[in-house]
Amino acid sequence: MKLRRGALRAALALALLLQPASAVEPISLGLAIAGAAASALTGFISYPRLYCYFRECCLQRHDHRAAAALQENLDRKLFGQHLVNKVVVKAVKGFLNNTNAKKPLALSLHGWTGTGKNFVSKIVAESIYKRGLQSKYVHQFVATLHFPHAHSINLYKDQLQSWIRGNVSICPRSLFIFDEMDKMHAGLIDSIKPFLDYYELLDGVSYRQAIFIFLSNAGAEKITEVALDFWRNGRTREDIQLTDIQNALSVSVFNNKNSGFWHSTLIDRNLIDYFVPFLPLEYKHVKMCVRVEIESRGYVVDEDILTRIADEMTYFPREERIYSDKGCKTVDAKLDYYYDF
């Protein structure tokens with residue numbers, strides 16, 4: 001049906017009057033209350049598609065489009081991580097297409113710094129919401145920034161639970177990303193255990209459409225051990241299967257006293273759906289990262305500079321020099337040195 005002119009003008013006026021919400025600290029009930037008010041206001045608008053044209057809405061992208069965007073971006077931008085590509089696409093696509101999920105999706109990403117954990121979580125966010133990590137429905141926590149003091153654990157637990165409850169109430173398809181899990185105080189992450197369990201409702205709220213992603217360096221040694229064993233036995237990294245790593249990885253993380261997952265009920269109760277291993281990156285993968293970064297800045301690739309940057313990286317083990325000890329993390333800074341940007 002065509003919109004009547006009067007209704008269209010009224011809807012346009014209301015949409016234009018709505019100003020973007022100002023940024024606040026992640027641990028803040030104020031935003032949840034503001035979001036609830038915005039959500040209630042949305043209900044008065046007769047034409048939600050028109051409203052969502054001007055303002056970001058929950059479940060903005062159709063699930064099949066989000067899954068397709070995720071697959072395309074991982075295929076094009078992620079290097080040397082065949083397990084990550086396969087597992088993350090399968091897990092997220094299956095979850096988004098499941099109209100009767102029994103619990104939220106929980107992914108735990110593990111590996112050395114620079115192997116792509118933050119990059120993949122960013123791609124997942126961008127696949128579901130156009131604004132990606134800037135979306136008001138995507139919530140990112142960094143252990144050392146948002147939970148720095150051991151003596152405030154009980155306060156953090158209460159705030160974290162309130163934050164998750166308030167935002168899922170506003171948007172069932174909320175995405176929560178927890179970075180630096182290896183630096184998080186043991187026991188804090190267990191405070192969100194009820195939200196990840198197999199409950200239909202908790203105090204009238206369903207969490208079954210939410211997504212939780214945990215990022216950690218814990219378990220990286222075990223991943224490298226498996227990768228090196230394959231290399232020394234003359235097998236390629238692509239021969240490594242998830243079954244070769246996942247069980248040992250979950251045990252390693254569970255028993256790591258320096259991890260937020262140390263003796264965690266999330267692992268003990270099998271509430272983490274996938275432990276996703278990020279393999280250490282090889283020389284050829286570093287060169288791929290350099291090439292893509294140069295091209296993304298709009299410069300012609302200089303093969304000599306590309307090779308020099310890759311050669312300057314440090315590699316391990318000391319004798320074999322197979323894997324970059326920082327992955328692709330310092331590529332951006334090294335490009336600034338060689339190119340006059």
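The backbone N, Cα and C atoms fix where each Cβ goes, glycine too.
Taken from TrEMBL, the feature signal peptide covers 1-23.
Close to Thr113 (ATP binding site) in the fold, though at least 6 residues off in sequence, lie Asn217, Lys326, Gly327, Lys329, each with a CB less than 8 Å from its CB. Annotation comment: TrEMBL describes Gly111, Trp112, Thr113, Gly114, Thr115, Gly116, Lys117, Asn118 as ATP binding site.
Residues or ranges marked as domain 'Torsin-1A C-terminal' in TrEMBL: 281-338. In this model, the domain 'Torsin-1A C-terminal' (281-338) carries an average pLDDT of 92.
Put plainly, the binding-site residues Thr115, Asn118 were compared by Cβ crowding within 10 Å, and the winner is Thr115.
Other Cβ atoms within 10 Å of the Cβ of Gly111 (ATP binding site) number 26 in total over all chains. Counting only same-chain residues six or more apart in sequence, the Cβ atoms lying under 8 angstroms from the Cβ of Gly114 (ATP binding site) belong to Leu281, Ser324, Lys326, Gly327, Cys328, Lys329, Thr330.
Helix, strand and coil counts from DSSP across the domain 'Torsin-1A C-terminal' (281-338) read 32 helix, 5 strand, 21 coil.
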